[in-house]
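Asks: Handing you a structure now.
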Amino acid sequence: MKEAHMKRVPYIQQMRQTECGLCCVAMIMQYYKSYDGIRRIRESLEVGRDGLKISLLSKYMKSRGMETKVYRANAKALEQLTLPAIIFWHNEHFVVLEKLEGKSVTIVDPAFGRRKIKYSEFCENYSDIIMVVRPTEKFKPYNVKTNLWINAFRNIKIKKSLYLKLGIASAAMYFIQMIIPVLVQHLTDNINGMTVGMFSGNYYYYAIGIAVLLAGFSFFRGMKIIELQLNIDRYLTKGTFKKMLNLPYKFFESRSNGDLLFRLNCLSVIRDLVSEQIIQGVLQVGMMLCIMGYMLSKSIILTGVAVLFLLLNIYFIIKMKPTLMEANQNEIVEDTRLQGVQVEAVYSAFGIKIAGMENEVLESWTKRYKKSLAAYKKKNMIKNINDTVLSVLQMAAPLIILSIGIFQYMDGFVTIGEVIAIYTLAGNLFSTGISVFNIYNSFVLASSYLERITDITDAKEEQVPDEPIQLQISGNVQLKDVSFSYTSNSENVLNNINLDIKKGQKVAIVGASGSGKSTLAKIILGLYEPKNGEIYFDGVNMKKLDRGVLRRQIGVVPQDMSLFNKTIYDNICVNKKVDNELVRRVAQIAQIDEEIQQMPMKYQTLVSDMGMNLSGGQRQRIVLARALLNRPELMILDEATSALDYVNEKKVTSYFQQAGCTRIIIAHRLSTIIDSDIIIVLERGRVVESGTHEQLIKKGGLYANLYISREQAVAV
């Protein structure tokens, strides 16, 4: 069949580190003029924390009517294959191979954009696996294009009167600016018949009046722009942040902190662009039409020359658009990666210091900074060429029009005043025309930012039942045949888990690293949705419950404690107004009150970002105090008492027993769970043993081996 395709492979940037394969599929599909898009492909091809296998990419493309063949081939053999194709890169990444041209190779990398590299560099990174893709007769392109801007702003509600006021003020400003050359024409053509008194008596007043009106409308317009910015910010920024908080936990697991922070920062770019330039662009188009109408009424030839130069400007801008957009996308990618390195360095300051890795981190940052700087330089070099050519055209065109106008004046077709007016208006026409297309370019470039924001706004929120039950739990938890995998395409990490936990029981979950202990805890919390099976709290299916109400009744102390950059009091209360005595009471139970009282500011001591000014044990006990504040009926503890000595640990345990609180403990130190009512032993995602400590030791299975080996390790 005849293949309809684009001239080159379009670049689609990956939104998270594991989506390179997904983006390569989207790029190939779009090359063949099928606009499947990342979001649409995600619905069929879910990406987990470990990415996708090439067999899954092939399966999806076959389902879309494409013929795919996967080869293990060296670099020399690629010349015989149909391009573009998807290749495995550096043994960890997918890219699109676009062209092989002698000593150079063009690849489209979802992480970095289009790159032209040396053949030797290609051979070093190419991992000898390629998937060749061609459309068959069954292939039907998906032709519905998604407009990011319409989708992003469809829910923003702004009073029409605000747009009207802003439009009137802007139109008045442009009208005043346009009328000045007309007044100059009138003045020039009638200068010989005027006296000094007439000139000073009329035109001075006109000039002062115009200046006052221009200043008034300019101030009014500025105030309305600020009002519009605040309105857009209220909907866009607040809406995006609210949406992000309602997204499932898996969304945050698959994206870096630096990347998410960069996306939120992109909101201000979009806000300023829309509020300042969208109205300006619409009105400037109207101003251009008015200018051309006036010029046309005075001279068809001069208007034709002006329009010709304007079209030349537009043609150049359109030709530069793909190059400029590609450079801008590359800069965004590099800036995001640089910010990621910086965030990691700040959060890992302790580890960097104790390992003496300052020079290594600086070297890593310097490499990333140089790439960011190179991307910035490349984009601005292209912009400089673009701006220089446009400036030359903008300066030369009115001069050429003036020269032609003088000849027309000498031939008697126009007056000298009309020549001067057309010359001035031609300058306005070019500056306005270029401004309009610069606004267009800004929207094109901002699409890269908007795409990152829509990765948040288009993501599916946590599942909420139609009529959620606000259950007050007592601590009974039941799991029936629960299985879990990170994606629908990946293998299960938990298989057929059955648990029946009664109120007040102490249940320990043990197993080797990677056996699924923490994953099971996240499923009980509702952070992960089970692939199969059901979870019940007091006999009510979790799917019917209000997750927010449920989680507020569960105390959780994770292994990686997170504290806020607030006071210790605020970290325990978490935005709730709580009596100081109650805060001290839970701190005493967590065995941290005495240490807080020794601090100069006591409970008003400010905690630094991530709690870096506190010890690991102090952070852990503050989080434990926070978990105890709501008097939870269920506690999930991930080695939560590891920072306590034996005496204090006994005190905490005694409190839980007296309160009748159900405890699920993810245990690493087996000595802390000997008195558990049930010990669940996991191996490769399956429950292989369960019982009391004595029963499992007597059985002589996996738990007994773990316990004996760890006891021996402690003895040594």
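Placed from the backbone N, Cα and C atoms, the Cβ positions cover glycine too.
Predicted automatically and left uncurated, TrEMBL annotations should be read as such.
Okay, these came from TrEMBL:
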DOMAIN    14-133  domain 'Peptidase C39'
TRANSMEM  162-183  transmembrane segment
DOMAIN    168-445  domain 'ABC transmembrane type-1'
TRANSMEM  203-220  transmembrane segment
TRANSMEM  278-294  transmembrane segment
TRANSMEM  300-318  transmembrane segment
TRANSMEM  388-408  transmembrane segment
TRANSMEM  420-440  transmembrane segment
DOMAIN    477-709  domain 'ABC transporter'
Asks: According to DSSP, how is the domain 'Peptidase C39' (14-133) divided among helix, strand and coil residues?
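Replies: DSSP classes over the domain 'Peptidase C39' (14-133) add up to 42 helix, 43 strand, 35 coil.
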Asks: With Cβ distances under 8 Å as the criterion, find the stretch in 162-183, 278-294, 388-408, 420-440 that has the most pairs with the transmembrane segment (203-220).
Replies: 162-183
Asks: Excluding the flanking five residues on each side, which residues at least 6 beyond the ends of the transmembrane segment (278-294) place their CB within less than 8 Å of a CB in that stretch?
Replies: 163, 166-167, 170-171, 174, 177-178, 182, 228, 303, 306-307, 425, 428-429, 432-433, 435-436, 439-440
Asks: Averaged over the whole of the domain 'Peptidase C39' (14-133), what is the pLDDT?
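Replies: Mean pLDDT for the domain 'Peptidase C39' (14-133): 87.
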